[in-house]
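Visitor: Before anything else, here's the structure in question.
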Amino acid sequence: MGHATSLSHFLILSSSRFSRLGSLTRLLSKPTSLSGSFSSISVTGQGFRCCCSVATDDTSPSVKKRVVSGVQPTGSVHLGNYLGAIKNWVALQDTYETLFIIVDHHAITLPYDTRQLGKATTDTAALYLACGIDVSKASVFVQSHVPAHVELMWLLCSSTPIGWLQKMIQFKEKSRKEGVENASVGLFTYPDLMTADILLYQSDFVPVGEDQKQHIELAREIAQRVNHLYGGKKWKKLGGRGGSLFKIPEPLIPQAGARVMSLTDGLSKMSKSAPSDQSRINLLDSKDLIVDKIKRCKTDSFAGLEFDNAERPECNNLLSIYQIVSGKKKEEVMEECKDMSWGTFKPLLADALIEHLSPIQARYQEIIAEPEYLDKILSEGADRAEELGAVTMRNMYQAMGYYQRRRY
């Protein structure tokens with residue numbers, strides 16, 4: 001479906017700097033652990049029907065911090081998405097309030113097949129659930145089912161300097177093929193929509209990869225700018241509660257599995273957009289296909305196997321994959337594999353992948369076979385998201401001076 005990537009990684013990021021980059025760099029140098037627990041809370045959805053602004057309670061220890069993440073509806077999730085993002089998201093469910101979004105609006109900013117978008121959306125949702133996301137703990141929904149995403153994006157666009165968007169490397173890279181003049185406005189404003197996805201739900205944390213920090217930097221800058229332009233005393237004079245309109249989201253950086261590399265190039269990330277399917281393991285690949293891909297994957301001619309050798313990126317990547325899917329410690333893998341040849345290790349890795357992915361594939365088939373069950377989950381997730389987003393939108397419209405509809 002065009003540019004396939006996980007929204008939790010917030011796409012391809014560059015080293016562009018904004019005015020508060022120094023403070024963010026210090027923040028990112030000490031990333032929040034995925035397993036931490038917290039006592040303060042994010043906003044709740046109570047009272048969202050009223051016309052007044054909604055106050056937040058940041059002191060109760062009984063409400064979890066909120067994490068928002070998502071993925072584009074490619075319909076085909078690969079191992080990099082799973083190990084780098086989804087597997088970690090599953091681990092977040094017990095510690096945080098979690099919202100997982102199928103971001104179909106993002107999928108249409110580049111050419112795509114209209115006949116496949118809907119199916120890809122449900123297939124991706126089914127894969128989310130098959131990977132272990134528990135709807136009793138987390139909300140799963142489709143971005144376009146919650147119109148507030150686009151509403152908030154427009155409000156944010158009005159406060160985002162063009163120069164900030166021009167620095168985003170994603171637009172430069174994605175528009176290169178068609179030429180800047182032929183690229184869509186949607187592609188250019190893509191970062192504002194991603195920021196809306198985060199800020200709409202007053203996210204406390206956003207899962208991002210080590211190499212993908214530019215978007216969370218932009219989201220923080222936009223949140224701070226809007227708070228300055230419309231929050232505080234200005235908002236209070238319009239009848240609001242004053243204070244900040246948005247929380248400033250913080251990055252949540254996975255400590256393992258955050259960067260799974262291509263099977264054909266150990267220096268490039270595993271990606272759906274890579275032209276060769278041989279470069280990735282898809283979660284729904286058959287057993288025979290997994291064996292074949294691992295058998296043919298790029299290796300090297302060094303003796304033995306080892307982690308963390310800059311001259312052996314493929315070796316480090318394959319050992320890291322094996323470590324994660326086998327559930328073993330790094331030291332255990334080093335001891336087990338240090339004297340192995342590639343001919344011995346590759347079947348071991350293929351078997352570990354098959355064993356790890358087989359339950360996911362079986363669960364996926366069960367979910368896809370029950371479309372009404374999936375529809376109900378996505379509808380309930382959207383209801384919860386709308387409830388949360390309504391608080392933010394009501395406050396934003398009030399703070400920006402809009403005349404709001406009165407319901408009779």
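Quick reminder: no glycine exception, Cβ is built from N, Cα and C everywhere.
Fair warning: this is a prediction, and the values are worked out from it, not measured in the lab.
According to Swiss-Prot:
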BINDING   Gln72, His78, Leu79, Gly80, Asn81, Gly209, Glu210, Asp211, Val260, Lys269, Met270, Ser271, Lys272, Ser273  ATP binding site
BINDING   Asp197  L-tryptophan binding site
MOD_RES   Ser53  N-acetylserine
MOTIF     73-81  motif ''HIGH' region'
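So that I understand the layout, could you describe where these features sit and how close they are to other parts?
Guide: Cβ contacts within 10 Å of Leu79 (ATP binding site), excluding its own Cβ and spanning all protein chains shown: 25.
There are 27 other CB atoms within 10 A of the CB of Asp197 (L-tryptophan binding site), with all protein chains counted. Following the DSSP three-state reduction, the secondary structure of Asp197 (L-tryptophan binding site) is helix.
Tertiary neighbourhood of the motif ''HIGH' region' (73-81): same-chain residues 1, 4, 6, 102-104, 107, 116-117, 119-121, 123-124, 127, 131, 260-261, 269-272, 280-284, 321, 353, selected by CB-CB distance under 8 Å and a gap of 6+ residues from either end.
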Visitor: Where does Lys272 (ATP binding site) sit in the DSSP three-state scheme?
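Guide: DSSP assigns Lys272 (ATP binding site) to coil.
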Visitor: Take the C-alpha atoms of Asn81 (ATP binding site) and Asp197 (L-tryptophan binding site) and report the distance between them in angstrom, rounded.
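Guide: Asn81 (ATP binding site) to Asp197 (L-tryptophan binding site), Cα-Cα distance: 19 Å.
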Visitor: Measure from the CA atom of Gln72 (ATP binding site) to the CA atom of Asp197 (L-tryptophan binding site) and give the result in Å, rounded to a whole number.
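Guide: Cα of Asp197 (L-tryptophan binding site) to Cα of Gln72 (ATP binding site) measures 13 Å after rounding.
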Visitor: Sort Asn81 (ATP binding site) into helix, strand or coil using the DSSP assignment.
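Guide: Note: Asn81 (ATP binding site) is helical by DSSP.
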Visitor: May I ask which residues of the same chain, at least 6 positions away in sequence, place their Cβ under 8 angstroms from the Cβ of Val260 (ATP binding site)?
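Guide: Leu79, Gly80, Leu83, Gly84, Lys269, Met270, Asn317, Ser320, Ile321 - these are the non-local Cβ neighbours of Val260 (ATP binding site), listed in sequence order.
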Visitor: Taking 10 A as the limit, how many CB atoms besides its own sit near the CB of Asn81 (ATP binding site)?
Guide: 29
